[in-house]
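Enquirer: The structure is given below, and queries will be raised subsequently.
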Amino acid sequence: MEKFSNIAQLKDSGLKVTGPRLKILDLFETHAEEHLSAEDVYRILLEEGVEIGVATIYRVLTQFEQAGILQRHHFETGKAVYELDKGDHHDHIVCVKCGEVTEFHNPEIEALQDKIAEENGYRIVDHALYMYGVCSDCQAKGKR
């Protein structure tokens, strides 16, 4: 996403355009396929020569989540990770050895969840499915 689009996105979300917000949003655009913790954001920004305090990063991540720019997840690692909210629904498979996260969407799983909810008198308004296993790389390395 281009810088003017990020400025518009911040304004449309009701957030003031600041240097730290733009840098953090740019970072998530650049790492759009990754799930980043606050510590990851801090480390990557430092590597790029950008110094933003950890407290500011946590505050911006929370603001972005509340504004619908980011989604927060809590995988087995115990720490929150964030990804851009692209407006599409997907689920996650997480490697318990290396932490790799794979996103997937399966219509059969979605239909089964709807069926189970209906059978129990529910209408699903939202859900999150996290599956945990050992990725092929870790299996090949014998980390079972």
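Using the three backbone atoms N, Cα and C, a Cβ is placed for every residue, glycine included.
What Swiss-Prot lists as Zn(2+) binding site is H35, E83, H92, C95, C98, E103, and the listing cites similarity to another entry. What Swiss-Prot lists as Fe cation binding site is H89, D91, E110, H127. Taken from Swiss-Prot, the feature region 'DNA-binding' covers 1-86. Look at Swiss-Prot and you will find 87-144 tagged as region 'Dimerization'.
I'd like these features described in context: how deep, what's nearby, how far apart.
Expert: In this structure, C98 (Zn(2+) binding site) belongs to neither helix nor strand by DSSP; it is coil.
On its own chain, H89 (Fe cation binding site) has H105, E110 as residues at least 6 apart in sequence with a Cβ closer than 8 Å to its own Cβ.
Helix, strand and coil content of the region 'DNA-binding' (1-86), in residues and according to DSSP, is 45 helix, 11 strand, 30 coil.
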Enquirer: Can you give me the average pLDDT across the region 'DNA-binding' (1-86), rounded to a whole number?
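Expert: A mean pLDDT of 89 is what the model gives the region 'DNA-binding' (1-86).
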Enquirer: For the region 'Dimerization' (87-144), give the DSSP counts of helix residues, strand residues and coil residues.
Expert: 18 helix, 13 strand, 27 coil
Enquirer: Provide the number of Cβ atoms within 10 Å of the Cβ of C98 (Zn(2+) binding site), excluding the reference atom itself.
Expert: 12
